[in-house]
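One structure is given here, and the rest of the page talks about it.
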Amino acid sequence: MAKPCLFSFSLCLLLLSSLCLAERPERYKECQLDRLNALEPDNRVESEGGVTETWNSNRPELRCAGVAFEKHTIQPQGLHLPSYTNYPQLIFIVEGEGALGISVPGCTETYEEAQQSQSSQDPRRRSSRSQSQEQEQQDSHQKIQYFREGDIIAIPPGIPYWTYNYGEQRLVAINLLDTTSLLNQLDPSPRRFYIAGNPEEEHPETQEQQGQQREQQQGAGGRRRGKHQQEQEEEGKNNVLSGFDPQFLTQAFNVDEEIINRLQNPDERLKQIVRVKRGLSIISPKSQEEEEEEEEEPRQRGQPERREERREEEKEEEEEEDEPRSRERYERQSRRRPGRQQGRQGEEQEEESESEQEGRGQQREWERTTRHRRAQGEEGEEEEEETSTRVRRQQGRGRGQEQGQEQGQEQEQEEEQQEGRRGRHGGRGRRSGQQREEEEEEQQQQQGRRKRQESRNGLEETICTARLLENIAKPSRADLYNPNAGRISSVNSLTLPILRWFQLSADYVNLYRNGIYAPHWNINANSVIFVTRGRGRVQVVNCQGNSVFNDDLRRGQLLVVPQNFVVAHQAGDEGFEFIAFKTNDLAATSPVKQVFRGIPAEVLANAFGLRLNQVSQLKYSGNQGPLVSPQSESEDHTLPKVA
């Protein structure tokens with residue numbers, strides 16, 4: 001009986017292991033890349049106010065990194081409609097400037113319109129208006145943040161946000177979508193939930209996967225759902241409100257049916273990005289100050305030109321009349337000034353001499369008084385000491401015998417007290433040691449409670465007040481700098497704490513002409529490079545020592561560099577700027593040059609078969625940092641291209 005049970009149990013284990021191993025090879029093969037490719041956008045959606053471009057998330061490189069990408073180009077006065085995703089996002093502003101608004105549930109609306117004064121209005125109209133109508137006129141919303149070129153923006157999952165281009169130039173932003181984040185409870189397919197508008201599908205590969213799943217569904221319920229969804233797609237309903245029952249929404253939102261009809265059936269032209277014809281007026285300190293300045297300018301410009309001309313003519317006439325008078329006054333004053341100045345100088349000298357004499361007399365009197373007081377004090381002290389010694393001698397003669405007896409008793413009492421104190425001190429020492437241990441344990445427990453409380457803070461201390469922006473393109477922000485090669489600046493959970501929740505970070509690299517970013521690898525993260533400006537040569541080598549990428553990268557292209565793959569960059573004649581997104585909030589790199597410097601010379605000599613002088617040259621020649629400048633611009637120091 002035991003053998004059949006063991007046999008059946010082993011079969012079950014084999015089946016389970018085969019099922020598990022059937023899924024694992026697919027995940028492992030995603031990063032077994034023999035060749036990397038420079039990726040360009042695969043899908044393009046044109047809207048009234050801009051363009052949205054996406055990369056196919058089924059690309060092997062992107063599946064290895066577990067991310068997806070979007071690129072939004074918003075024209076002036078363009079509004080990217082409110083939307084949210086089920087995974088965190090990192091947005092880098094490549095060009096332009098704009099406004100960002102997020103709507104976090106549970107956070108207060110801190111921006112409010114000022115109450116309009118109703119003193120000038122008719123009291124009959126005021127009485128006819130209800131309080132609800134007055135509240136509708138006064139808008140309030142959550143904080144609006146302004147961004148510009150070089151900013152990194154962190155968007156939490158499930159939080160709706162919108163962007164608006166208030167500048168005169170186009171706004172270009174690249175979005176990293178961390179689809180494999182632990183915060184994503186759905187599958188890693190990229191998807192975006194639009195609250196408004198009639199947006200087109202940004203990731204067709206996701207729609208294709210959903211279509212295949214519908215075909216595999218069985219039963220009448222699945223067929224009915226598929227038909228219902230097909231009807232909705234034919235009607236063009238793609239926002240999250242279009243699928244609800246209109247009557248249910250009217251009751252839930254407590255609004256008219258006309259409003260619900262507008263929400264569920266938007267205009268076909270309202271896609272991802274719409275154009276605001278008259279501009280967007282929102283509550284913000286910046287816009288309010290600009291409006292006040294604009295209101296003051298027309299008032300000043302509205303003054304009649306004739307009045308200004310008359311005032312200028314009157315000023316010129318007054319100046320002409322005042323010129324001869326001012327000259328006569330100046331001549332008279334110049335004639336009188338020498339005598340007055342001499343008289344004033346004489347008076348000042350007399351006053352100074354008198355004040356000096358008075359001061360000297362006061363000093364002499366003060367010295368005399370102090371000497372007299374000191375002499376009196378010394379004599380009094382000597383007399384007091386003599387009297388006190390006489391009294392002590394007389395008292396000591398009469399009390400000598402009594403003190404001898406009392407001293408003996410006091411000595412015995414002191415010995416007994418000392419013995420008791422020793423015993424008490426020993427007990428206290430033991431007790432104090434125990435108390436210290438207990439206090440240390442309590443302190444450790446309190447620290448643990450504080451850490452738990454910090455990690456469990458409410459919305460008011462995390463999302464509502466979290467900092468979402470950080471500019472990493474400023475030259476003063478550089479973490480590594482070589483004036484002949486370029487600069488590198490990083491943003492991570494230490495500089496932007498919200499990234500600790502996202503488990504993401506980024507590096508901004510700006511290489512000057514022919515500047516070199518020496519070979520290095522990412523220790524604990526995958527890296528995705530997006531070129532923002534210029535052109536450069538990039539080489540990537542895998543664990544087998546094979547070159548998986550050796551080509552030029554230009555503006556607008558993506559390149560995935562897997563973890564621990566060695567990579568090197570060199571800029572062209574136009575320079576080379578790129579943003580490198582990392583899948584770790586504290587991503588670290590390891591330059592090969594620093595590794596050589598950390599290894600003893602004997603080890604390197606035996607490992608590479610070098611002489612000691614060659615090893616010292618390998619370790620200590622050139623720059624210490626990863627940014628290297630070529631020796632001369634006349635020679636060609638570009639990275640060689642391997643066929």
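Just so it is clear, glycine is given a Cβ too, placed from its N, Cα and C backbone atoms.
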**Asked** Quick one: Swiss-Prot says C31 makes a disulfide with which of C64, C107, C464?
**Response** C64
**Asked** CB neighbours of C64 (disulfide bond) within 10 A?
**Response** 19
**Asked** So what sits near C31 (disulfide bond) in its own chain, CB-to-CB under 8 Å and at least six residues off in sequence?
**Response** C64, P562
**Asked** Reported in the order helix, strand, coil, what are the DSSP residue counts of the domain 'Cupin type-1 2' (470-616)?
**Response** 27 helix, 72 strand, 48 coil
**Fill in**
Mean per-residue pLDDT in the domain 'Cupin type-1 2' (470-616) works out to 96
**Asked** Hey, does DSSP put C31 (disulfide bond) in a helix, a strand, or just coil?
**Response** coil
